[in-house]
Amino acid sequence: MSDSPSRQQQLLRAQSNDPSFDNVWDELIWRGLVYVSTDEAALKQLLAGEPIAYYCGFDPTAPSLHLGNLVQLLTMRRLQLAGHRPFGLVGGSTGLIGDPKPSAERTLNAKETVAEWVGSLREQVTRFLSAEGDNAVRLVNNLDWTAPLSAIDFLREIGKHFRVGAMLKKDAVAARLNSDEGISYTEFSYQILQGLDYLELYRQHGCVLQTGGSDQWGNLTSGTELIRRVEGGHAHAVGTPLITNSDGTKFGKSEGNAVWLDPALTSPYAMYQFWLNTDDADVIARLKVFTFLHRDEIERLERAVAEEPFRREAQRRLALDVTSLVHGAAAAEAVIAASEALFGRGGDLAQQDTDTLASALRELPHTVSAPGVAIAQALVDTGLTKSLSEARRAVAQGGVSANNATVQDADAPVGDALLPGGMLVLRRGKKTLAGVFVEEGV
């Protein structure tokens, strides 16, 4: 249930930078989005002047972008709101190689797979950046300039400008060299390809700023150095911090899995719940990075966290805003309505969007049953009770509900009162929920 293109454009038009800051650079600093950069004074002056062209790259090493990429997309959008023109680079060539991981060699994906993922990422990038006005986003693919290059031309025209000693000092390369696995020439050459990207965008479109994660700093500066050597030009780079949770756990993971921007991989319901579960110690920092709320509103929410943390107002606002950004306002509204109905806080389960409710139940303990299976058995199958005898006692004590109605008969078939889509919501006590998907022939 994503928004239509017109509604998505309305959402983009409603976004704005905080007018309490004189310069977008100051706002980026306040939001905690600058970890490392080239000359800060020069960057601040550059961003306060005439519009510039800038870019960020996204490699198609998976079928979808994830929350780490969202940091870059929203940073790009803030610069666009300040009048600067974004170029979204989807790495059709660099995605065939993959940047070196500190631990092990990447598995190379098939060219056909990478080409398919390029299309998926292009669509995702365009959701977050405006295609209207003089500074409309433009998408580029680095395969367009690397594919025509012969190996000899690549080595003569680009490779000769890179010093091996400097390349060996890059963090990921150094880590791999000190490991048992080592590093292949394929991955070692990645930083040259990314440097070439910046050079081409500098030549073709006048790009003078590249943004990316701070873990990519060596690759970012390979481009600024290449531009200096080849063109005698001056270009900049900004590295955003790698976000971690206050308890030291890795940000952007849910049950050990990445939180993806594609609803087929991470449902809007799962996205909403991920943000709703943000710790009090982290929520204000997340609001700064992942929403367009202005400083006065974030400071108000910070006071609310300190004075009335049990209300979780900041978490609810964070979950609403990010889910709306990623999946659209309609999907966010459907998720909230389904959550309220699921947990008995209002709303009729039968009136909820079927796909949203199904995705919510898949996040809970659930089972697939035939229509004739007894509710008592479904309680055991979903883990709400450990045995049939415990299930019968729970029903006899009035402690079990199905679709928010108290269950009177433990032997009643699950197929007797289904929601649209063949679903049953079981509840034991006030808060323990499970789902049953009823199918013929199971």
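Every residue, even glycine, has its Cβ placed from backbone N, Cα and C.
Among the ranges 120-124, 250-254, 295-299, 345-349, the stretch that Swiss-Prot annotates as motif ''KMSKS' region' is 250-254. The motif ''HIGH' region' annotation in Swiss-Prot falls on one of the ranges 10-19, 60-69, 380-389, namely 60-69. Sorting the domain 'S4 RNA-binding' (373-438) by DSSP state (H, G, I as helix; E, B as strand; all else coil) yields 19 helix, 21 strand, 26 coil. The motif ''KMSKS' region' (250-254) scores a mean pLDDT of 76 in the predicted structure. In this entry, L-tyrosine is bound by Y55, Y190, Q194, whose most widely separated C-alpha atoms sit 18 angstrom apart. With DSSP states grouped into helix (H, G, I), strand (E, B) and coil, the motif ''HIGH' region' (60-69) comes out at 3 helix, 1 strand, 6 coil. Long-range neighbours of Q194 (L-tyrosine binding site) (same chain, six or more residues apart, CB within less than 8 Å of its CB): G57, T94, D99, Q216, N219, L220, S222, G223. Y55 (L-tyrosine binding site) falls within a strand when secondary structure is assigned with DSSP.
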